[in-house]
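Structure record follows, encoded as structure tokens.
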Amino acid sequence: MSCSFKFNIIFILHILAATPILSSPDNSSFNNFLDSAKTPEVFNWMVSIRRKIHENPELGYQEFETSEVIRSELHKLGIPYKHPVAITGVVAFVGTGFSPFVALRADMDALPMQEMVEWEHKSRVPGKMHACGHDAHVSMLLGAAKILKQHEKKIQGTVVLVFQPAEEGGGGAKKILDQGALENVTAIFGLHIDPELPIGEVASRAGPIMAGSGFFEAKISGKGGHAAIPQQSIDPILAASNVIISLQHIVSHEADPLDSQVVTIAKFQGGSAFNVIPDYVTIGGTFRAFSNQSFNQLRQRIEQVIIGQAAVHRCNATVDFLEDWEPFNPPTVNNEDLHEHFVNVAVNMLGVDKVDSAMTPFMGAEDFSFYQEVIPGYFFMLGVRNASHKQFESVLHSPYLEINEDGLSYGAALHASLAASYLLKHQQDLHGVERKTHDEL
Ligand SMILES: [Zn+2]
Ligand SMILES: [Zn+2]
């Protein structure tokens, strides 16, 4: 660990020394984005939007009022947008209306869970909560829109602001792409709040950062009967128990130990009495891997093991990968060139000791990966830790999640700076190339 840390510092210093864009006079105003984002005009406004959305959480593809808040603020800022995109989504534009195009993305949906934090702006909708910070993501992207609008004359291309529905299942990112909303976009950036990372710090890495994920459900059918006379039944509970044990062997003894993978059974339903063997059992779970190859191998083996092991116990099994309900998320893989760009911008804004450029990947999943399959993309974590919180309590998807809103300024400024400096850098690439306009402009 310490070796790679040293290497990163040297690497970053090398970038600082070698990249002229940082000292370019045209780029200098983009470096003040953090100051802009910290002004009461921008910061208080972002906080009020975040709290408003937090009070009224909406699930995937139902973000109608959230979408309305976004459009109303864009309208007040004089920023054109397209709506509806993917039902509740909004795609807005700041800049020249000409290429190059760079996209920034925020997800908008909440989770079906009850908030347990008692505060003035607690969720007013029972059983729904912004427990993944997507309320903060929306307000930061609006913050970036406001800052970029203030500097619109200096923007050397077009920033496409993507307010995306249904990240928490439902494949909102895929739907945005299917509607052709990101035509001509050559790079996309996204961020996620991290309640365990301090304010003013960011973390990411080049290459795979989050796993590909899928779900499955299996029905294992036997023959029900009296629990005291098992010889007259075909017991699906015993069969399912062996299926679950065998599924664990796929990762432990078929997968490369150096290629992280997960198969978890999170659901086991069967039977309703102490003395009755049921006709069938339903099991379900999730599987994760960092490459499409490993992911597809897992998918194939999960199906084979469930059907084969059920047959050993004289049961029939069917397996459903639930892709209509939740499309498989590909692994989230960060583009190498954009990693360099991110480190450059983040170190310049936050300081070298605030940027972890070799973050440990984790097995969570993000539908941002759908964008990365077709456009070079980059995803990073943004610190919103609240120093007074107990460790492991205020985490993502926890009913106790609380975020430090001071982080909003950093997210907005990084979004704006990543996009503006990307366009400046890539404007030069277009020399002599016919300029494209976005379909929507
Ligand atoms: Zn989430
Ligand atoms: Zn999330």
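Along the chain as shown, residues are numbered 1 onward.
Including glycine, each Cβ sits where the backbone N, Cα and C put it.
Annotations in TrEMBL come from automatic prediction, not curation.
Less than 8 angstroms from the CB of GLU168 (Mn(2+) 2 binding site) sit LEU59, GLY60, ASP107, ASP109, ALA110, LEU111, CYS132, each of them six or more residues away in the same chain. The secondary structure of GLU168 (Mn(2+) 2 binding site), as reduced to three states from DSSP, is coil rather than helix or strand. For CYS132, HIS134, GLU168, HIS192, the entry in TrEMBL reads Mn(2+) 2 binding site.
Annotation note: HIS397 (Mn(2+) 1 binding site) sits in a coil segment as assigned by DSSP. Look at TrEMBL and you will find HIS397 tagged as Mn(2+) 1 binding site.
Marked as domain 'Peptidase M20 dimerisation' by TrEMBL: 212-306.
Under the heading signal peptide, TrEMBL lists 1-23.
A distance of 11 Å separates the Cα atom of HIS134 (Mn(2+) 2 binding site) from that of HIS397 (Mn(2+) 1 binding site). Ranking the binding-site residues HIS134, HIS192, HIS397 by the number of CB atoms within 10 A of their own CB puts HIS134 at the top. DSSP states for the domain 'Peptidase M20 dimerisation' (212-306), grouped as helix (H, G, I), strand (E, B) and coil, give 37 helix, 36 strand, 22 coil. For HIS192 (Mn(2+) 2 binding site) paired with HIS397 (Mn(2+) 1 binding site), the C-alpha to C-alpha distance reads 13 Å.
Across the domain 'Peptidase M20 dimerisation' (212-306), the model assigns an average pLDDT of 97. For the recorded site, HIS134 (Mn(2+) 2 binding site), the DSSP three-state label reads helix.
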